[in-house]
Every structure is written in C-alpha cells, then in structure tokens.
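**Student:** Could you have a look at this structure, given as structure tokens, before my questions?
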Amino acid sequence: MDINREDIKHLADLSDFALPESEIDVLGRNLQDIIGYISQLEELDTDNIEPTYQVFEMENVWREDEIKSQDASREQLLALTKEEKDHQIKVPKVL
Amino acid sequence: MKIANRKVTAERLVRDALEKARHFADYNIFTFLNEEGAIKKAREIDARIAKGEKVGRLAGVPYALKDNFLSTEGQTTAAAHILEGFVSPVTATAVEKLEREGAIMIGRTNMDAFAHGSSTESSYYGPTLNAHDRERVAGGSSGGSAVAVALDIVEFATGTDTGGSIRQPASFNGVYGLKPTYGTISRYGVVAMASSTDCIGFFTKTPDDMNLLMEIANGQDPKDLTTLPDYYDESEAKKIKKIGIIKDFDNTSVDSEIRNALVSKVELARSKGYEVVEIEMPALKYALAAYYIIVPAEVASNLSRYDGVRYGFRAKDTKDLDALYKNTRGEGFMPENKRRIMVGNFVLSSGFYDAYFLKAAKARTLIVKEYEKAFEKCDVLLSPVTPNPAFKLGEKTNDPVAMYLEDAMTVPLNLAGVPGLTIPAGKTKDGVALGLQLIGPRRSDKSLIEFSKELV
C-alpha cells in the first residue's frame, strides 16, 4: 500500500508527535519501506491458526488484594516533575 | 570472577575499572560514570571484609549497567533525550539482586535510545565504537555494555534483549551474551520496550560467570508477575547429545566467514562425539516481518507514557497541554523511536489490525510450534547470530529496513520465548569479532551455558 503525506500526518497525530514539515518526506519514505517489508506476511498461510500474544507459560498469578507500601513516596515522585505547586503537577492550560 | 580470591581490595578493583573507563573515553561507552558512589561502596565492602563479615558472591566486582535499568545512582535515560534529567527513586529488581551480592556499578552504558536499534548509533549521546575496530559499530541495542566487557573494563555488564540486543552486540565484540528464557529475570524497574519479548540478561567473559549471574538474578518477583520460579527446569533437562543446524534459516544470505565459523564449530562438536542433524524451519523466514509488527505495536503502547508531565524532558513555552505533549514527544524521541511508534499505531489502527497485527500474532504461533518441533529432533540449535559481521558506522543509518535485516536470526527466539547464548567464534581475516548462538528449549538456559564450554 502507498503511504502519502496525509497518512504520515495522521499517524503522527495518533502518536502525539509534532512533526515538522522537514521530517515528513523522510519519515514517509522510511515507513513506506518498512510497511512494504512487513507486508510479505501476506504470503504465509495462517488459516485455522490461533494467535499468540504472550509466551509466558504460567497463567493467573494471584496476589492478595491488599495495599502495600510503594517503593517511592509521593514527595519523591512529585520531585521528578518540572513544575510543581501545592503538591500538584503544573501544566499549561488544558482548554 | 577474580574478586573471589580476595588478593586485591574492592577499592583497587573499582579504581582500576574507572581508570580503564576513562582511558577508553573516546569509545563513548558510558553515559554516566559512578566515580564517587562506586568508591564509597567498595570501601564499605573492604571494611566488612576486614572485620571478617560475610560478604556476597559478587563482593567488590565492578560491573556496567545498561542505561535502561532504573537505579538511584545517576540518571536513567535509556539514552533518550525525553528521559534527560530523570533520577529514579526506585531500583530495578535485577540491580537490587546484584548489589545485594556486593556487585558495584561503575557506570551506565550507552545504547540505542529506548533499545530501538541494532548498532547503538540511535543514541541521543552518539554512537559507541566497536571494541576491536573503531570504524565499526558496537552492535546494539546494548552496545555500551558489550564493549565495556570486551575491553575488559568490567567483569560483567547487564543488557536487555527484545530482538537480539544482547546476543548481537556480544557477537560483534567477541564476548558471551545470554538472552534467557522469557520471564527468567524480573523486568521490574527496566524501561519497557515490548513487554511480551523483553528479556533481561548479561555479558560476560566466561560461561561460569554467566551461570553465577543467572543463579543470582533469576526468580519470581511479586513486582513482575511474568517471572518464572527458576532458570532451569531439572525435570525437563536432557543431556545435550544432538545438535541441530537450521537449513535455509535466512531470508538474507549469510557472510562466508560466518558460515566458516559455523562449520568449524560443527566439526569440533562432531570430533567430540556429538551428532549433528539438519533441521527445517520454514516459518522462521517470516519471523522478522512478524517481529516488526508485534514489537512496534507494543512499543507504541509502552512509549505513550512519555509526555513531559511527570518526569524527564519537557518542551518549553507550549501554549496548551496538547502542544506540551506533542512538542515534548516530537523533540524528545529519536527518528527510530518515531518510526517504531508510528508503525505500531499503523498496524493497530482500524482497517489494518487484521491484516497486520492479528496476522503477525498467528505467524508467532507457527514460529513457537516450529521451535517445539525442532527440539523433538535435536537438543540444541547452533546458528549464526547475524547475517554479517559488525558493519561500518553510518553504513545503515539511513536505511531502516537494511538495519532490521541484521536482526533476522535473533528475533525468532524472542517471539518464541526460548533462550539464546552468544558464544565467541574467532575473528574475520580483517580482525572483526564473530559469534554464534546456541538456542535451546524454554528453561534450558543452564544446559546452554554448560554446553558452550564444549565448543571452546
């Protein structure tokens, strides 16, 4: 399939990237090549084959439903943000 | 490891390691050197030894930590701009286990940002040079760790292997590198790439060191519910007698010097009485395409958390929250990160999900079954790690598919969850290191390590 500039802008939007015009053409060519390559899977016969999403052999690993102390405190976590006010993380206006 | 004999102090070992790290500074191996912290810890260990206290199995052993392992020492950046400034308040389980035994982290190692890459060229901090040829790549994504061990700066280094990121740089630099069975070592506190294939492992100079590290690091962790109880299933262990060679493995042709290295190991094994059989695994040639669908899908999901709000880099002067997200991610990710996230969102998007993601998940089933069938006919597979030896710096940076093709022989193991051990296999006529990989059934890690001694 062909990937055009609008497709790239749409995928960048889905991915939450600001994409400068200068990057669109190169990324477009790259994605065209990559999608061209992965499309060869079409050849493989997968009729009546169930999908595999994980290869961990154990299932339903249970734990007690109780609150445990966490590795990091609220203060330590808040200290990681760029802007903090009154124990809240500060960001630009939402609306 | 050499600390065991206690003829030197931990402080001497740590100072020597730091000195070597500085000596090789132009290889760009480290993103952080733990000068003060490491010496302080070494002195503590020496003091405990002087008092006759019991110390751990790795007491005073200097090691290098791939920069995607969280610990409170230095920034954890995963060599990505978007994590710049992030000093973790928590420590990865693997790091805790190593340090409980007295290992001392002397530095954090360079890598492809977020472990997306096969050469350590896609690092925000620039490429790491190959240990044996400065014009060639270190391999990746754990390039810094492989070179730190190959140049004898440290006794061992940690790595992560999502599609070959331990085995390939180990091969490119001539050291041992193990990708364990999926779930053997806790992933807690390691920057996630693709959760269904990510594995934690090590680089060492000997099989015995690898075994010791596996004994220390394996085991169930309540903080990672995909951890196995042990790294070796005695009940299913078979003595290795029969070696399988994969017929027509590749969808790319294998370099003649790598083929010769394989043939010479096969001859060595035959001379020691091992039987060698050819195994057909026709689905493997689709593994790379399946991998580059499944893994980007998981990457797109795992990397959606980096938004500039809670930690790391935040874009400046944004007018609203949406612009904050978009500018932070636009400026903070490397081009390869962007490609993988966008491909992931493409294969998951409505209209393409069935043709790509679901199709790849079905291909994954065929690959899992192909390994199961193979291990009915042999006890271990011996294969190339890569189609080519370490390539030149810059040779593949503008061609993502050419870079991906170098992963053709490492990714199938990650899709199946089986272990793989890179062993050194000499050098090319130009002096470039070569390696081969031993592949076994799930939880045969210890057998692989033991068997590798037969092929030296």
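Glycine is no exception: its Cβ is also placed from the backbone N, Cα and C atoms.
Pulled the feature table from TrEMBL, pasting it below:
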type	residues	note
DOMAIN	B:13-448	domain 'Amidase'
ACT_SITE	B:LYS66	active site, charge relay system
ACT_SITE	B:SER141	active site, charge relay system
ACT_SITE	B:SER165	active site, acyl-ester intermediate
**Student:** If I take the alpha carbons of B:SER141 (active site, charge relay system) and B:SER165 (active site, acyl-ester intermediate), what is the distance between them in whole Å?
**Tutor:** 5
**Student:** Could you tally the C-beta atoms, other than its own, that fall within 10 angstroms of the C-beta of B:SER141 (active site, charge relay system)?
**Tutor:** 36
**Student:** What's the CA-CA gap between B:LYS66 (active site, charge relay system) and B:SER165 (active site, acyl-ester intermediate) in angstrom, rounded?
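**Tutor:** That separation, Cα to Cα, works out to 11 Å.
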**Student:** For the residue listed as 'active site, acyl-ester intermediate', list the number of other Cβ atoms lying within 10 Å of its Cβ atom.
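**Tutor:** Around the residue listed as 'active site, acyl-ester intermediate', other Cβ atoms within 10 Å: 36.
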